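Note sheet for the following structure.
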């Protein structure tokens with residue numbers, strides 16, 4: 001996939017407070033990218049800068065290799081769906097979706113081509129005139145002058161005929177108001193069908209549910225066929241079931257439309273369900289960029305491990321390649337490249353720990369609490385050094401003495417930032 005957007009050394013200062021600290025990010029064409037992080041981490045600020053609603057304090061925003069910082073928001077090939085949708089309460093569903101098309105000049109490309117043709121015609125005519133005068137200056141003989149003049153007039157006549165024919169053909173392609181309205185009707189009904197809003201065309205915004213309002217906002221944003229769609233936590237006001245349905249719908253829309261989506265959320269499930277690439281942020285800085293699988297299975301640091309899913313976070317010491325020491329024991333692992341005796345952070349996911357009979361595992365502990373979570377049990381096991389959180393489908397007795405075990409690949413070693 002081609003790179004569509006590049007953010008280079010982006011910073012933003014609000015009221016003497018540094019909100020963005022040197023953001024560097026590449027977004028590819030037809031990619032679903034999610035900015036994931038806690039409130040105030042700077043993710044919405046990035047969205048607003050891309051959309052043209054804010055300017056960075058320093059840095060560059062490149063779109064297809066060209067800076068767009070001086071391009072007005074409405075002229076960028078980017079549309080935004082805001083958290084509160086920003087729908088027009090005085091317009092019905094149909095007119096909300098049609099709003100962008102009604103502002104659009106359907107003949108703009110034809111007008112541009114007419115201007116291009118005219119410029120080309122004038123330039124060619126001027127070049128012919130220049131050549132004509134140069135030839136006259138070289139040869140002032142009567143017969144030659146007449147021949148040069150006739151040749152010039154013939155070229156000008158041919159050039160003019162070609163220009164007028166092209167202009168006439170382009171003008172014939174212009175559409176009138178009736179044809180424009182027919183196109184609007186066709187496009188609006190198409191996107192209303194895509195978003196599952198058939199039968200609601202004449203309803204006011206107040207008569208819609210939260211999920212329906214969100215669909216209207218997305219249809220309105222998509223109908224102008226932007227190259228990029230920015231979504232600022234659009235699912236935050238929906239109930240759980242509807243939110244899950246919309247996650248799958250959004251991914252399908254993105255995949256089928258070929259539009260690049262940049263989605264902002266603090267919800268890990270949203271990010272992992274929909275994204276090709278997740279950008280984890282904290283305190284105005286990018287902590288890690290990767291696929292949902294990479295972010296979850298190989299967190300770059302303690303913050304990512306804590307923010308993305310539940311974790312057992314442990315401080316340890318790297319003894320050698322593939323050997324790490326924690327909880328008074330040395331364990332085999334799959335990590336290498338650290339200095340000997342380097343202090344490290346370790347994460348072991350709750351689902352990667354198994355409970356076994358005493359004497360059969362790596363660490364002994366006592367079952368301290370058991371909570372049923374629907375698809376698994378969440379069990380706290382207190383050991384001599386710490387309490388481990390374990391997710392398992394096997395039920396164990398409270399206060400029972402057991403062992404826990406895990407594999408070398410389940411131990412994720414991280415640098416301390």
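Glycine too: its Cβ is placed from the backbone N, Cα and C atoms.
Remember, predicted model here, so these are calculated numbers, not experimental data.
Copied over from Swiss-Prot:
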- 5-308: domain 'ABC transporter' (DOMAIN)
- 37, 38, 39, 40, 41, 42, 43, 44: ATP binding site (BINDING)
- 105-177: region 'Insert' (REGION)
Around residue 43 (ATP binding site), how many other CB atoms lie within 10 A of its CB?
26
Indicate the candidate from 39, 44 with the smallest number of other Cβ atoms within 10 Å of its Cβ, considering only these binding-site residues.
39
Quick one: what's DSSP say for residue 43 (ATP binding site), helix, strand or coil?
helix
Collapsed DSSP category at residue 37 (ATP binding site):
coil
Using DSSP, what is the helix/strand/coil residue split across the region 'Insert' (105-177)?
63 helix, 0 strand, 10 coil
Overall pLDDT for the domain 'ABC transporter' (5-308), taken as the rounded mean:
90
Out of 37, 38, 42, which of these binding-site residues shows the lowest number of other CB atoms within 10 Å of its CB?
38
Excluding 37, 38, 39, 40, 41, 42, 43, 44, which residues of the same chain place their Cβ within 8 Å of the centroid of the Cβ atoms of the recorded ATP site?
266, 281, 282
